[in-house]
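What follows is a set of notes on a single structure, which appears directly below.
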Amino acid sequence: MMVEIHRQQPTEMEEKQGLRSSEVLWKRMEPNEHGTFPADPETRRGNSFLDSLRKYKVKEVFTWHLFKTISMSQGLSVLICGTGISSQYLAVRYSVNTPMLQSFINYVLLLCVYTSILAFRRGDDNLLKILKTKWWKYMLLGIVDVEANYMVVKAYQYTTLTSVQLLDCFVIPVLMALSWFILRTRYRVIHYVAVCICLLGVGAMVGADVLAGRDQGASTNIFLGDSLVLMSAALYAVSNVCQEYTVKNLSREEFLGMIGMFGTIFSGLQLAILEHSEIPKIIWDWQVALLFAAYALCMFALYSFMPVVIKLASATAVNLSMLTADLFSLFFGLFLFHYKFSGLYILAFTMIVVGFVLYYSMATYTQEPAPQETAIDGLDNPVSETEDDNRQETAIQFPSGEDAAETTRSQ
């Protein structure tokens, strides 16, 4: 019987081992340790997910790196909780509704610290060099960040707390989509399952809020309020993807310095237009000043440390972990605002953490851009005459009897 097999090119691993094409052919036909023949590369690629599950080791998941990432991301959740509590105290106890003023103070702090660092740098990372080459990119990013912060606070005036908590999760799918197209991040099935578990945890948290009677907020224009939340989530996703790209390829100081500069400019303009009549109404005392300072410091710390955590993991993973921020607000609200406790809150917290660990248990991967081939003489896929002449096929003959296999080459 005569079987013809086209010559296969060696894989990258086989090239590193120095195997020639004929040796590769025989090596692939040798049975493995289980007495079976190895699958072709396409079959092996299709079984990669099952193979990874078989090789799954718990010790390789629960590492110090995972513990550090979870701890730092939960610290970010506490900082978000701090901004929410201080804003609620200002609005409820002192009738202060100036979200743009609060954001303006944060941007000024970023300007004073990180933009100053860029100003004193030398070389290509200097502030002037960055402004000459990328000023318009950071200007757009500054507008996106300022409006994302403003819209989510403004939405509370038109819709309910439940709607804000649910629709704010829209940032996760938008982040994954933007990471797919911009950062070329590729996800596995386990990542989508983990995201669904986290969102179910948010659903349990919102259900507990409704049962406990915490469905607070206005409902004068629900459509407008919900639209503001969705737009804010989309803008946050854009800002976070740009932040991930900058801190992983450039520097954390560059991102924060430019956000501080353009954020101060645009938030200051918006403050002068929208809140110039609200600021004189503020009755200043040490408590109001302390709440403003607490909000500004929490936001400054959030902006400063979030790039560090994103560099450890990714923007999507960090946002998944920070879904617990509303739960921390609830726990503090039990003592400060006398909220009612429900066991669903513990379930929600557990589901979010489990979903994050599951997401982190298997790494994403980045798809490299395909190399572009140059057309020659009007051909899309040119092949040299030498390669065409040197194409050969290998035929393996299996004669009957005890004779050895004979390999012949046909031109």
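Positions of Cβ are set from backbone N, Cα and C atoms, glycine also.
As annotated by TrEMBL, region 'Disordered' applies to 373-411.
Positions annotated as transmembrane segment by TrEMBL: 104-123 (among others).
Away from its own ends, the transmembrane segment (164-183) comes close to residues 152, 155-156, 195, 198-199, 202-203, 205-206, 209, 217, 225-226, 229-230, 232-234, 236-238, 240-241, 244-245, 314-316, 319-320, 323, 326, 366 of its chain (Cβ-Cβ under 8 Å, at least six residues beyond either end). Annotated transmembrane segment per TrEMBL: 164-183 (among others), in sequence order.
Residues annotated as transmembrane segment in TrEMBL: 190-210 (among others). Same-chain residues lying 6+ beyond the ends of the transmembrane segment (190-210) with a Cβ under 8 Å from its Cβ atoms: 161-162, 165-166, 169, 172-173, 176, 320, 323, 326-327, 330, 342, 344-345, 347-352, 354-356, 358-359, 361-362, 364.
Annotation comment: TrEMBL describes 222-243 (among others) as transmembrane segment.
Per TrEMBL, the feature transmembrane segment maps to 255-274 (among others). Long-range neighbours of the transmembrane segment (255-274) within the same chain, counting only residues 6 or more positions beyond its ends whose Cβ lies under 8 Å from a Cβ of the stretch, are 100-101, 103-104, 106-118, 127, 130, 134, 138-139, 141-143, 145-146, 150, 242-243, 246-247, 303-304, 307.
Counting only same-chain residues 6+ beyond the ends of the transmembrane segment (286-305), those with a CB under 8 A from a CB of the stretch are 72, 75-76, 79-80, 82-83, 86-87, 89-90, 94, 96, 102-103, 105-106, 109-110, 256, 259. Here TrEMBL flags 286-305 (among others) as transmembrane segment.
The feature transmembrane segment is assigned by TrEMBL to 317-337 (among others).
Residues annotated as transmembrane segment in TrEMBL: 343-362 (among others).
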Who are the chain neighbours of the transmembrane segment (317-337) in space, where the CB to CB distance is under 8 Å and they lie at least 6 residues beyond its ends?
69-70, 73-74, 76-78, 80-81, 84-85, 88, 165, 169, 171-172, 175, 194-195, 198, 201-202, 205, 240, 306, 309-310, 345, 348-349, 352-353, 355-356, 359-360
